[in-house]
Structure formats: C-alpha cells, structure tokens
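Q: Let me give you the structure first, and then I'll get to my questions.
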Amino acid sequence: MLRLVPTGARAIVDMSYARHFLDFQGSAIPQAMQKLVVTRLSPNFREAVTLSRDCPVPLPGDGDLLVRNRFVGVNASDINYSAGRYDPSVKPPFDIGFEGIGEVVALGLSASARYTVGQAVAYMAPGSFAEYTVVPASIATPVPSVKPEYLTLLVSGTTAYISLKELGGLSEGKKVLVTAAAGGTGQFAMQLSKKAKCHVIGTCSSDEKSAFLKSLGCDRPINYKTEPVGTVLKQEYPEGVDVVYESVGGAMFDLAVDALATKGRLIVIGFISGYQTPTGLSPVKAGTLPAKLLKKSASVQGFFLNHYLSKYQAAMSHLLEMCVSGDLVCEVDLGDLSPEGRFTGLESIFRAVNYMYMGKNTGKIVVELPHSVNSKL
C-alpha cells in the first residue's frame with residue numbers, strides 16, 4: 001500500500017523510496033512541467049489545443065512509472081482526439097498524445113519489481129504530449145535505448161502488423177495495395193507484406209517517396225501526383241488486388257474498392273482525407289458499395305487498434321526484435337526538411353501536425369523533447 005508523505009510543496013512515496021524521485025542523472029524532478037491540453041473540441045488542432053505551462057508533474061501510483069519523454073509520436077488521429085470523436089462523453093480540458101519513449105525517472109513500489117530508475121521504456125497511453133507522463137508499468141515496453149525508431153512501432157507498426165495478420169490473410173503471391181505507403185504506418189504494411197512474399201503496390205505523393213518505397217522493396221510505387229492510380233491499377237492489374245491496406249479515404253477508397261479482385265479484402269485503418277472536416281468523413285460512393293462487394297464476393301473491414309489489445313504485446317515484441325536486428329526499416333521524420341527545421345519541443349507539435357496533413361512526411365513523424373539536466377522547466 002502506498003503511503004504519501006508531504007515534503008514541503010509536494011508529496012513523495014514513503015521516504016524509504018524517495019530515491020525513486022531523482023532522475024538517473026541525479027537531478028531533482030521539477031515541480032512543474034509543460035504539456036499540451038485540449039481546451040476546446042475542434043478538428044483544427046491549433047484551435048483545439050493549448051500549450052499549458054507550470055502544470056504539476058504527476059506522481060506515479062504503486063504500479064506506475066513516471067516517464068520523462070524524450071520523443072513523442074504524431075498520428076493522423078490526434079485531431080480526431082482533439083475533436084472529441086473517440087469518446088464524446090469526455091469534455092475539455094483533457095490531455096492529448098498517444099505514444100512516447102523516454103526514461104523512467106520515478107516509480108511506485110510494485111512497479112520497482114520490474115523496472116528501475118533510468119531504464120528506457122516506450123509506451124502507448126494517453127497524455128504523451130507532455131514533458132512527463134505517468135504510465136502503468138503493465139503496459140510499458142522496455143527498449144534497449146531511447147531511439148525514435150522504436151517509437152514508430154507503438155501505434156504505426158502494431159496497427160500494420162495486427163491488422164494484416166488478423167484480417168489480411170496474406171500468403172505468397174498475393175497482390176497487396178498499400179495507400180499512403182511512405183507514411184508512418186504504410187511503411188510497415190509495405191514491408192510486412194513483402195516479408196509474406198506478396199507483390200506490393202504502394203501509392204505516394206512524390207518521386208522522393210517513390211524512391212523510398214523502392215528501397216524497401218515495393219514492386220510498383222505509384223506517385224499519384226504524376227500517374228492516375230485508377231488507370232495504373234486497371235491496366236497493370238486487370239484481375240485486381242487481393243488485399244488493400246487503406247488509410248486515405250475519399251476518392252482513394254473508391255479506387256481501391258474498384259481495384260479489388262474476386263474475394264478481395266479491403267482493410268480500413270483510417271481516412272485521413274476527411275479528418276480535418278467538421279464531420280471527420282470524406283465522401284465515398286457508399287450507394288454502390290454493396291453491389292460492388294457482392295459482385296466480387298469482396299469485403300471491407302475496419303480496424304481499430306484498441307479492439308485488438310490482446311494481440312498488442314506479442315506484436316510489439318516481434319516488431320521490436322525485427323527492428324533491433326535490422327530486419328525492419330523504421331523510418332523516422334523529425335522534420336529536418338520542413339521550412340522551420342526539426343520538430344523540437346512541445347510547441348513544434350503544432351507544426352508537425354500541419355506537416356503531416358500537407359503530406360510532406362516520409363515515415364513516422366516524431367517530435368524530440370530535449371531536456372537539460374539543470375533545467376527547472
């Protein structure tokens with residue numbers, strides 16, 4: 001049982017465990033921190049979210065870790081969260097951000113059985129857009145070091161891994177279409193499909209991204225800015241594609257449905273083209289969808305990672321093993337090529353979200369949160 005003991009301005013866990021509240025370099029954890037907070041519901045991230053300063057650093061409970069975030073991941077669905085679409089019952093203000101990687105700087109007594117101060121961990125949990133985040137030890141993932149490449153696996157990698165394994169029915173020789181293939185999750189869908197010995201087609205928005213896809217083994221990159229996707233699919237794949245990993249929505253979804261082979265499967269993991277609209281949806285030809293699916297005995301199925309959490313740890317372990325061994329490319333985009341340079345600090349998350357919705361990123365967008373040992377934040 002935890003016993004909180006007041007010590008001046010803040011409380012720490014029982015004095016015998018006070019050492020857990022010093023970071024691994026020996027500097028005291030500050031009393032205040034910065035974090036992003038959703039203060040109004042809106043799909044416009046800048047309107048919805050505020051950088052809040054002088055927030056109290058949270059205390060870990062008995063089974064928790066306090067993680068000092070070094071890198072956090074940006075996801076297309078961050079603006080769905082800021083718009084209140086995932087849980088309409090939650091009202092502002094609330095924390096935002098889905099994933100982070102950093103060091104354990106404090107922990108509860110039960111959590112200390114498995115973790116130590118200074119240990120590198122990655123996690124998928126709400127509230128990562130902060131300098132410090134409390135994470136249940138049961139859902140944290142130990143990692144060899146604090147590398148942004150490991151962070152790419154938490155949401156983007158596991159989404160591709162679990163959805164394709166559970167819903168894709170991949171096997172040698174099947175044709176797989178991956179939309180937004182050079183993005184955060186598309187890069188993994190592309191590589192995992194190739195490892196299953198499939199023929200992979202990947203859509204992207206530039207020649208540079210096309211070259212990136214080729215470097216990963218993509219059989220047919222399609223730069224939709226210079227080639228009409230529908231025409232390419234009809235001419236080069238007249239029998240259709242067996243599996244589609246779809247994250248764009250709108251017109252791209254319609255093209256993907258039309259390209260399905262007999263008994264083809266389309267997995268919807270998102271529809272980014274509609275997220276910034278008031279409804280969060282992009283128009284599709286829903287009226288003709290039943291007839292098209294019936295004609296081909298095809299299927300469309302959604303995938304939401306939270307519904308497959310029982311598969312998460314096994315997927316994460318396998319992906320991490322592949323990443324560490326060099327068997328999986330985990331491309332990170334830290335914004336070095338963006339007009340204002342690298343995404344550094346919580347305030348740069350606003351730029352990072354815009355960068356993503358402009359389609360500029362190659363790989364997973366990651367924001368670095370620098371830390372000075374002597375910083376008082």
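Each Cβ is built from the backbone N, Cα and C atoms, and glycine gets one as well.
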Q: Say a student had to find the phosphoserine annotation in Swiss-Prot: which of Ser273, Ser299, Ser372 would be the correct pick?
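A: Cross-referencing Ser273, Ser299, Ser372 with Swiss-Prot, phosphoserine lands on Ser299.
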Q: Select one of Ile269, Ile349: the residue that Swiss-Prot places in the NADP(+) site alongside Thr185, Ser205, Lys209, Tyr224, Ser247, Tyr275, Phe303, Phe304, Leu305, Asn361.
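A: Matched candidate out of Ile269, Ile349, per Swiss-Prot for NADP(+) with Thr185, Ser205, Lys209, Tyr224, Ser247, Tyr275, Phe303, Phe304, Leu305, Asn361: Ile269.
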Q: Between Asn361 (NADP(+) binding site) and Ser299 (phosphoserine), find the distance joining the two CA atoms and give it rounded to the nearest Å.
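A: Pair distance, Cα basis, whole Å: 30 Å.
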Q: Using the alpha carbons only, what distance in Å do you get between Lys209 (NADP(+) binding site) and Lys35 (N6-acetyllysine) once rounded?
A: 33
Q: Using C-alpha positions only, work out which of the recorded positions Lys35, Thr185, Ser247, Tyr275 is nearest to Ser299 (phosphoserine).
A: Ser247
Q: Counting every protein chain present, what is the number of Cβ atoms, excluding its own, within 10 Å of the Cβ of Ser299 (phosphoserine)?
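A: There are 13 of them.
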Q: Let me know the largest Cα to Cα distance in Å among the NADP(+)-binding residues Thr185, Ser205, Lys209, Tyr224, Ser247, Ile269, Tyr275, Phe303, Phe304, Leu305, Asn361, as an integer.
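A: So the maximum pairwise Cα distance among the NADP(+) binders is 28 Å.
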